[in-house]
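*Asks:* Starting off with a structure, shown below.
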Amino acid sequence: MSATETQNQTYITEFVLLGFGDFPDLQVPLFLLFLVIYMVTMTGNILVLMLVGTNQHLRTPMYFFLSNLSCLEMCYSSTILPKLLAGFLTGDRSISYSSCMAQFFVFAFLVGVECYLLAAMSYDRYLAVCKPLRYITLMKRERCVALAAGAWASGFTISSVITLLMSQMAYCDRREIDHFFCDFAPVIKCSCSDTFLVEAVASLMSATCTVLPFLFTVASYILIISSILRIPSETGRQKAFSTCSSHLITVAIFYTTLILVYMLPKTYNLTAFNKLFSVFYTVVTPMVNPMVNPLIYTLRNKEVRGALRKE
């Protein structure tokens, strides 16, 4: 049963993720595509964790944060892709109410953590480029752990509050979620309660974990670029920029797709674009992200290549 009745009101106990059901002829190709992406994502991030965990030369703040991102991306992909792959394979796109809320909680939790981690990494790159003589003393192990722990705790808190408010709402009549996972806006469209409070709280708390870290990251890179431009030699400028270019690309990809998804008007004509951009920052980015994909970033890094040769 997908609904229960209480005092003449029907409440939904099961949703249907429409996903990419509009393309019946592409179900098998899409399944194979997302399966390959999932396997590459997991393999790449496991490799990063193994290298950083087993090699003393990679015990630096940059690789500490990279390890956190790798762990995050593995959880990120595992939250969304297994259910999506099962839907392609079996045609069953149903998801229980509790599973939907759990999926959204983990998804929102990890998005918040990633925003704060990217801000922490921008701070790390700022100190490395702008204050190189004080870098070792300013970025001690204790501070790195505190920054990472703060990111995980902040993401958990924000996600918990939003998910708790969503779970207090009544969901009736409408079962179909026009998305491939339980995201905030598509889920609350199924609610028959007043959504003003939860939308206001979600907007406020989302701003604290997206807008503020984004502005902090932009400010850090303004200072970084200004400092790099003051370096007299071209070789020195290239070397300094190479230490933060990959992180800058990561920030650009992540925030561009995130902003496009959540800033585009939620109209029927733009639903397909929202899904497409969501695929980029939830599925594709964890695989091709220069900061978390060793096939693109870490394997071209001299320290990691040396670590691989030693292994």
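The backbone N, Cα and C atoms fix where each Cβ goes, and this holds for glycine too.
According to TrEMBL:
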{"type": "DOMAIN", "residues": "44-297", "note": "domain 'G-protein coupled receptors family 1 profile'"}
{"type": "TRANSMEM", "residues": "30-51", "note": "transmembrane segment"}
{"type": "TRANSMEM", "residues": "63-81", "note": "transmembrane segment"}
{"type": "TRANSMEM", "residues": "101-123", "note": "transmembrane segment"}
{"type": "TRANSMEM", "residues": "144-166", "note": "transmembrane segment"}
{"type": "TRANSMEM", "residues": "204-229", "note": "transmembrane segment"}
{"type": "TRANSMEM", "residues": "241-264", "note": "transmembrane segment"}
{"type": "TRANSMEM", "residues": "276-299", "note": "transmembrane segment"}
*Asks:* Express the predicted model's confidence over the domain 'G-protein coupled receptors family 1 profile' (44-297) as a mean pLDDT, rounded to an integer.
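*Replies:* It averages 83.
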*Asks:* Could you pull out which residues elsewhere in the chain have a CB under 8 Å from any CB of the transmembrane segment (101-123), counting only those six or more residues past its ends?
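*Replies:* For the transmembrane segment (101-123), the sequence-distant neighbours (Cβ-Cβ under 8 Å, at least 6 residues beyond its ends) are 62, 65, 68-69, 72, 75-76, 79-80, 83, 95, 147-148, 150-152, 154-156, 158-160, 162-163, 166-167, 181-184, 187, 209-210, 213-214, 216-217, 220-221, 247, 250-251, 254, 258, 282, 291.
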*Asks:* Could you give the residue numbers and ranges of same-chain residues that sit at least 6 residues beyond the transmembrane segment (144-166) on either side and whose C-beta is under 8 angstroms from one of its C-beta atoms?
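*Replies:* Same-chain residues near the transmembrane segment (144-166) but 6 or more away: 61, 64-65, 68, 101, 104-106, 108-117, 119-120, 123-124, 184, 187-188, 197-198, 201-202, 205-206, 208-209.
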*Asks:* Go through the chain and flag residues at least 6 beyond the ends of the transmembrane segment (204-229) whose CB is under 8 A from any CB in it; none is fine as an answer.
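*Replies:* For the transmembrane segment (204-229), the far contacts come to 111-112, 115-116, 118-119, 122-123, 125-126, 129-130, 154-155, 158, 161-162, 237, 240-241, 244, 248, 251, 255, 258, 262.
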